[in-house]
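Comments concern the structure below.
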Amino acid sequence: MADPMDQPSTSDPVDNQIFGEQGGLRPDHPLLRRAQEALKVQFEANRTRLQEELREKANALKQAKARREALGVELYGFQQNLAKLQLNLETTHQNYQCEDQLNQLKQQLSLEEGDTKGERSRRVCVCVCRVCCRIDTLQDNLKGTQQQLALVSAQLEAQKRETRAALETLAEAEVGGCVRDEALSAIQDGMREQQQQELSLVLEIEGYKKDVVREQLKHESLTAVVRKVEGDAVFVQKQIEGAQERQARLQEILAKLAKSLEHTEAEGEADAVDRAITKVAAEGRAIEEEMLSALSDQTTAEKATSKTAADTQELRKRIRAEELAVVETENELAKLQVDILNTEAHNSRLGETLGLLDEELRDKGRTIEKYELEIKRRNDEIEKKTREIDILNRRRDCRGSAALDTRPLQAPPPPQVKSDLALTTPMYTPPPVPQPSVGMTVTTEKLVSDMEKALTKREIISVKGRATAAKSKSSTPAGSATASSRASPSASVASSTLTRNQLDRATTDLAKSIKDLEAGRYRPVVEDAAAVGEELGRAQDKLGRVVALLEGLRQAAPHLAGELDKVLCHVADVRA
């Protein structure tokens, strides 16, 4: 039977001082002091090393952020250079188009110069033919005059033999000649005054015509400038739309790149953290193994060792959880900072682009308003010149009708000496009365044809405009209203300019024909007085067709109602 004193006693106070309640060594036991100091030194070294690695990771993260910002700035610079190159390309393309248009205009100018030279040569030939005919007529008149001179000389010899009768006849003839000379001098004075007045009126009309042509050229140049500005506005709008589309695509690409970059950075950071965690865990496991082996060698109490190891593992788990939470928080903060920087940069670029576009649109609007005011002023001046020309035409018509009513006075010779006076004194022949000429008819027909061409061109333009509007509406429903509103003013301006140019050209041709008619350059259309009524009826029918055409043009083009009303009033005055 064993001695009870040989068995270990758990109630011994010495054992209680050495071992704890669970059978392990107490933490403040001298045997564990060296182990605890060694563990403390190892933990502090690990903590210092982890802090240094954390600083290195933070520095690497800052450097990566700086490189990313530098890449973003460089990408923005490349985008600016790309935009400048695109603008230069578009400017070069516009220059090439302008050069092509200039070459076409030069070719057209050469063709028109050839036509003008041909027309001038034809007119020179016509003038030469007229001069030749005039010379032949004068030669025939000279021969007739020489024959009359021979007859007069024979009659003079016969009259010398009849002295007494001739003296009485001569006295009566002298009295009648004085009366006729006085009447002739009065008529010649009146004709000279009338010619001077007509010459002054012709000079005034030519001055007004030159002013009208000058204003018309200015108006056409302004119209061309307005068309160019409208084309530039359409082109700028297309560029804005293209830029917006490109900006949207670039934003989508940038968003995708940002997402991919964030995903890549997150994966890289996660991989780095995983590698660091794995490395730390491996080192910790190695340290634990070394520590456990050292503890197992130094102590004999397994329970105390297992308790200390369990506490150490729990402490390490807590440290790992805290470190992971800190890393995740830093990652979230870095992502938020990157998103904030990207958003601020994008907003600043959008603000600058929007400001530039607004300024450009304001400049275009001011330029268009200035051109519209200039066009209105030019139209007012043209209307004023047209009214003045109408007044001068009416004055000239009134003076022409007054000149037709005046006839030269001639005293009838005595019946006894009628045959003698026919042989001795030359008869005064009144000037021919101007009648409707071929130039007037041709000008009227030309005016009618120009009006028909203008209506045809206007219909073609309107049909093309509607077709373009329908096409644009089918292709882009959202921008159909804007396109139609831009196309309608340009079509109306083109049709109004075309009609005004044709009206001015027809008016100029009509004034030139009237001037040639007054100068006696045209022969009468109707030489027989009986056929004047028939020709007058034809002219009335043509005038009625012109009036109907003008009425249709006024209904088809309401923006020309004011000018067409003036033309219709003038036609009504001519009819009256």
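Just so it is clear, glycine is given a Cβ too, placed from its N, Cα and C backbone atoms.
Look at Swiss-Prot and you will find 33-175 (among others) tagged as coiled coil, backed by sequence analysis.
Annotation source Swiss-Prot lists coiled coil at 232-269 (among others), citing sequence analysis. Panel annotation: around the coiled coil (232-269), residues 64, 68, 79, 90, 327, 331, 335, 338, 342, 346, 353, 357, 360, 364, 368, 486 of the same chain, lying at least six beyond its termini, place a Cβ under 8 Å from a Cβ of the stretch.
Per Swiss-Prot, the feature coiled coil maps to 311-397 (among others). For the coiled coil (311-397), the model's pLDDT averages out at 79.
What Swiss-Prot lists as compositional bias 'Low complexity' is 465-497.
Feature annotation from Swiss-Prot assigns asymmetric dimethylarginine to R246 (among others). Within the same chain, no residue at least 6 positions away from R246 (asymmetric dimethylarginine) has a Cβ under 8 Å from its Cβ.
Look at Swiss-Prot and you will find R523 (among others) tagged as asymmetric dimethylarginine.
What Swiss-Prot lists as region 'Disordered' is 1-28 (among others).
Marked as region 'Disordered' by Swiss-Prot: 465-500 (among others).
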